[in-house]
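Novice: Quick one: structure below, then a few questions.
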Amino acid sequence: MKAVLLVVAALFLAGSQARHFWQQDDPKTSWDVVKEFANKYVDAVKESGKGYVEQLDASSLGQQLNLRLSDNWDTLSTILTKLQADFGLATQEFWDTLEKETEWLKQIVSEDLQDVKHKVQPYLENFQKKVQEEVERYREKVRPLGIELRDGARQKLQELQEKLTPLGEDLRDRTREHVDVLRTQLAPFSEEMRQRLAKRLEELKDSATLADYHAKASEHLKMLGEKAKPALEDLRQGLLPVLENLKASILSSIDQASKQLAAQ
């Protein structure tokens, strides 16, 4: 299972570079995506949690029990922020290590893409040339009709449209033929690229780097757990005043209710 996860992660990193190679864009790094998602999630939890606490304090039950949960919310929020930062640093180390370990795979895939692009380029240029020739051919046939339209009377408009229709259909059909030819020509290169990627994945799975990375990943997970312990302990300590306050309020309410029943 770990091997599958690492292979998928390697493909994700290599795929990001391949997409950048073809599209010439500037994609976010894997760490940026994870960090942005984690920050938004924790911020949403803190914001919504604060709203729920304020609503509970303002409710009739909260006022009756004198919960005052809002008094402890800032402390809990600070602990959550610290926990977020601790996890963030550890996770960034993991992504940096993973990207470094798979740099050779990204380089090989980039070279494969460059090779396939070089082979495909003549077919793309030929396709563009053929389409351009068809467009020019269409223009040459249409040009006399345009002159005829300008020089002729309005009643000839319908006749002109009837002449244009088959020419447009002919251009469409001939362009489709060129597209089919291009698709047939590019099919072997698509299969070649698929086989190359499969080969690179097999090399990755059989390499000593993957086995070594298994050990590093296990060590990292253990380290992550150790780093999380202090933050979780702080969170537990921050919750204790809230729980004690809640417990005292409930016991006080029960005591008052018992006294009222005894007085009756």
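Just so you know, glycine gets a Cβ as well, placed from its N, Cα and C.
Got these off Swiss-Prot a minute ago, pasting:
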{"type": "SIGNAL", "residues": "1-18", "note": "signal peptide"}
{"type": "REPEAT", "residues": "67-88", "note": "repeat '1'"}
{"type": "REGION", "residues": "67-264", "note": "region '10 X approximate tandem repeats'"}
{"type": "REPEAT", "residues": "89-110", "note": "repeat '2'"}
{"type": "REPEAT", "residues": "111-121", "note": "repeat '3'"}
{"type": "REPEAT", "residues": "122-143", "note": "repeat '4'"}
{"type": "REPEAT", "residues": "144-165", "note": "repeat '5'"}
{"type": "REPEAT", "residues": "166-187", "note": "repeat '6'"}
{"type": "REPEAT", "residues": "188-207", "note": "repeat '7'"}
{"type": "MOD_RES", "residues": "M193", "note": "methionine sulfoxide"}
{"type": "REPEAT", "residues": "208-229", "note": "repeat '8'"}
{"type": "REPEAT", "residues": "230-240", "note": "repeat '9'"}
{"type": "REPEAT", "residues": "241-264", "note": "repeat '10'"}
Novice: Sort out the residues at least 6 away from either end of the repeat '4' (122-143), same chain, that have Cβ-Cβ distances under 8 Å to it, and list them.
Specialist: 164, 167-168, 171, 174-175, 178-179, 181-182, 185-186
Novice: Do any residues at least six apart in sequence from M193 (methionine sulfoxide), in the same chain, have a Cβ closer than 8 Å to its Cβ, and if so which, in order?
Specialist: D112, L113, V116
Novice: Would you mind splitting the repeat '3' (111-121) into helix, strand and coil residue counts from DSSP?
Specialist: 11 helix, 0 strand, 0 coil
